[in-house]
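First up is the structure itself, then whatever we jot down about it.
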Amino acid sequence: MLDLKLLQNNPEVVAEALAKRNSGIDITLFTALDQRRRELLLEVEALKSERNKASGDVARMKRAGENADALIEKLGALSDRIKTLDAETETVKAEVHQWLISLPNIPHESVPAGADENDNVFLHAWGEKPSFDFTPKEHWEIGPALGLDFERGSRLTGSRFTVLWHWAAKLERALTAFFLDVHTREHGYMEVYPPAMVNAQTMTGTGQLPKFEEDLFKLRDSEYYLIPTAEVPLTNLHSGEVVPEEKLPIAYTAQTQCFRSEAGSYGKDTKGFIRQHQFTKVEMVRFAHPEKSFEELEKLRSHAEVLLQKLGLHYRVVTLCSGDMGFSAAKTYDLEVWLPGQDKYREISSCSNCTDFQARRANIRTRLADAKKPVFLHTLNGSGLAVGRTLVAILENYQQADGSVVVPEVLRPYMGGVALLTPDGPF
């Protein structure tokens, strides 16, 4: 959520930022609402002052034995008017709040301007594209013989669900454990196992609600939602709290199942394991000092990159342009892994600094040594990594002509020493 004072005092700054995001939001609607709110508060204050004076006059007249009926009648009318205006004020305040929580974050000054993914800016790349003496296959061609069962997943539930057997299941488990070990042992993250269901307030805290409800799975006759990412529960762990400055930065990591309706993805990635309604992801969340969050963003990105480097997977990093960033982000880097079967790069991690946007919504503050009162800290999040997409990248990059897949060396201890996945299926 944006700072109300920023909107009131510098509406042109917010309008310019929203224009960069191509949000289509008209700032004058807020200005009119906020002006009406101020007018109501002034009018109520004036009426209450008048009522107080009239109450004093009634008391004085009664002490003097004078008839105060007319003034008492006026007092009743004033009270009725105040009651009406108070109700209208609350309605307008609620409208202002709803308008506020529908606004996206303001892009950082370093974010390139642009309309969509075509305007994202290349930052750097690591590694080389693998070479093959055969035409590399896509993962949905290799996968079934190694345990990716799209047919049974569809039969059990529906489209965009997959059953993992044997090598595929072992590889998913190995990747998850490997990611968590690197984060906790090498980068100082604390592992957390959060609920997979959260309430509406929690979803609002990180920005999924109210704007993106259609992207979520909600339990019928309940206020609970299935989480689309562990970012949601991890960030809200400190909602309503004041975190001591000396504890910053705080770093959490979690592996969870994630659930997304993919409402806006009709026709995209209908084949394979790239875009699922249910998938495993390891998430990184950091809570930072307000003046150090962009330094923390570079750390966060490097922690995601290290995983791809250890796996020997070629990737590139792009800075998202203003029109392609997520709702809560002030700046985002995307890590895109190379998939030789598809002959393209695919996103495998997004690392974002949300500045004080989520902290303001979830009321997460810190008490700085030189501040008189607590201030909102900054929150950051990133995929470390999307497990299913990493599995896809391994299948496509390490495939052999006979359909087998070489296991990256760092994963072999997690696979019981297995170095080669042989096509034993379909199962």
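One-based numbering along the chain as shown.
Each Cβ is built from the backbone N, Cα and C atoms, and glycine gets one as well.
What Swiss-Prot lists as L-serine binding site is THR229, ALA230, GLU231, GLU283, SER383, and the listing cites sequence analysis. Counting only same-chain residues at least 6 apart in sequence, those with a Cβ under 8 Å from the Cβ of ALA230 (L-serine binding site) are VAL192, PRO194, ALA254, GLN255, THR256, CYS258, LYS281, VAL282, GLU283, VAL285.
Counting every protein chain shown, 26 other Cβ atoms lie within 10 Å of the Cβ of ILE348 (ATP binding site). What Swiss-Prot records for ARG260, SER261, GLU262, GLU347, ILE348, SER349, SER350 is ATP binding site.
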Proximal but sequence-remote residues of the same chain as SER350 (ATP binding site) (Cβ under 8 Å, at least 6 apart): LEU320, GLY326, THR332, TYR333, ASP334, LEU335, GLY382, SER383
C-beta crowding around SER383 (L-serine binding site), within 10 angstroms: 27
Length of the line joining the Cα atoms of GLU347 (ATP binding site) and GLU231 (L-serine binding site), in Å: 17
Position of peak Cβ density within 10 Å, selected from the binding-site residues THR229, SER261, SER349: SER349
Neighbourhood of ARG260 (ATP binding site), C-beta criterion under 8 angstroms, separation at least six: ASP215, LEU216, PHE217, PRO228, HIS277
